[in-house]
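Novice: Got a structure for you, written out below as structure tokens; questions coming shortly.
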Amino acid sequence: MIGMLWGKILLTLRNPGALIASTIICMAFAYLTGQSAFVKIEIPMYSSADGSNEEIIEELNKGDTFSFVLQTEDEAKKKVAEGNAEAALELGQDSYVIYHAGASQNLQLLNQYIGRYYMKSVQEQQIVQLADDPVAAEKVFQEAEKEPAFQLVLSSFNQKDAAEYSQPLQSLFGFTLFFSIYTVAFTVAEILRDKQSGLWDRFILSPTSKAEMYLANLLWSFLVGYIQIIFVFLVFKFGAGIDFNGRFGTVLIAVIPYLFSIVALSIFLTGLVKTMSQFNSIIPLISVSFAMLGGAYWPIEIVSSELLVGVSRFIPITYGMEMMKGAVVSGNSILDMLYPVAILLLMGVILMGLGIRLIEKRHV
């Protein structure tokens, strides 16, 4: 079995093109669909008012959309004129000016964002000025920001549990699980290729048992998919700044039962088809359908059809997305994932048993 595993490794190293291409495409799709959350819009700004510019920038940069950079007036306006920035911001004592070369959707968002900041600032100044002791009033404001007196909880009267959502994580998890189907499936399909070329019969005549032959192929298929997923997650963790809310290790554990079910699904599909051309035609159909119904392209929570939601419960991607988003977004523990893990393991055992039986019965 070790020899077969080593042979699979060498074969992959000689022809890594398909694996590299699928990994790059996966990262490109995940980045582009979640780009608005990965990259903030840089806005050069300068101030004509007295005060600490650092404190103003720190307060403005707490938002998720814009990144404000302090520059001189000439530098800020030059960037806008050359098209290197959508807008430049001039901050005054009680007013602000936005310089821009053309209209864009982000200008309205910028105007609303800065307007809210000034409205809050003016209100605080008026309250402090009207207070008997302005210094004490300023301290009260600072303490209230650190420890607010009230905690507001938002809920909807027509929705019991509002689903938590993160666009970058939705894109990253969805496309990673989607493209891993291709990686795993075409690696498992080497069994079919070996049977067609007669290499499988030569393995049977060798001292290696059939169990070891299947185990070597399926183990390598799992490892290739797992390595690809780890690599993609590491790139986004250190390259795009996705911190996984401190649950990176939990995500890597959660993906294991999903990959097991995909390996089992691939061996089942290998047993159903007779030729590689049939396999090549059925995999895109299966993977795209699973991604659409399982919530890889969009959150499954927004689907209102009970029929489609019911169908999604038979798709591995549904449980893979549920586990990973639950771990990172909702903070679920390993124990909270036992139900989807059990479902994926059950799917894997059933599909793998059926797949191996079909392969053994079918003479290719």
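The backbone N, Cα and C atoms fix where each Cβ goes, and this holds for glycine too.
TrEMBL annotations: computationally assigned, not manually curated.
Per TrEMBL, transmembrane segment is recorded for 12-32, 172-192, 213-236, 248-270, 282-300, 337-359. According to TrEMBL, the domain 'ABC transmembrane type-2' annotation covers 134-362.
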Novice: Check for me, if you would, whether the transmembrane segment (248-270) reaches the transmembrane segment (12-32) - at least 3 Cβ pairs under 8 Å, residues 6 or more apart in sequence.
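Specialist: No, these stretches are not in contact.
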Novice: Mind checking which residues of the chain, 6+ beyond the ends of the transmembrane segment (213-236), have their Cβ under 8 Å from one of its Cβ atoms?
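Specialist: Answer is 1, 4-5, 8-9, 12, 19, 22-23, 26-27, 30-31, 172, 176, 179-180, 183-184, 187-188, 190-191, 200, 203-204, 242, 244, 248, 251-252, 255-256, 259-260, 262-263, 266-267, 352, 356.
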Novice: Is the transmembrane segment (282-300) packed against any residues at least 6 beyond its ends, judged by a Cβ distance under 8 Å, and which are they?
Specialist: 163, 165, 170, 173-175, 177-178, 181-182, 185-186, 265, 269, 272-273, 308-309, 311-312, 315-318, 320-321
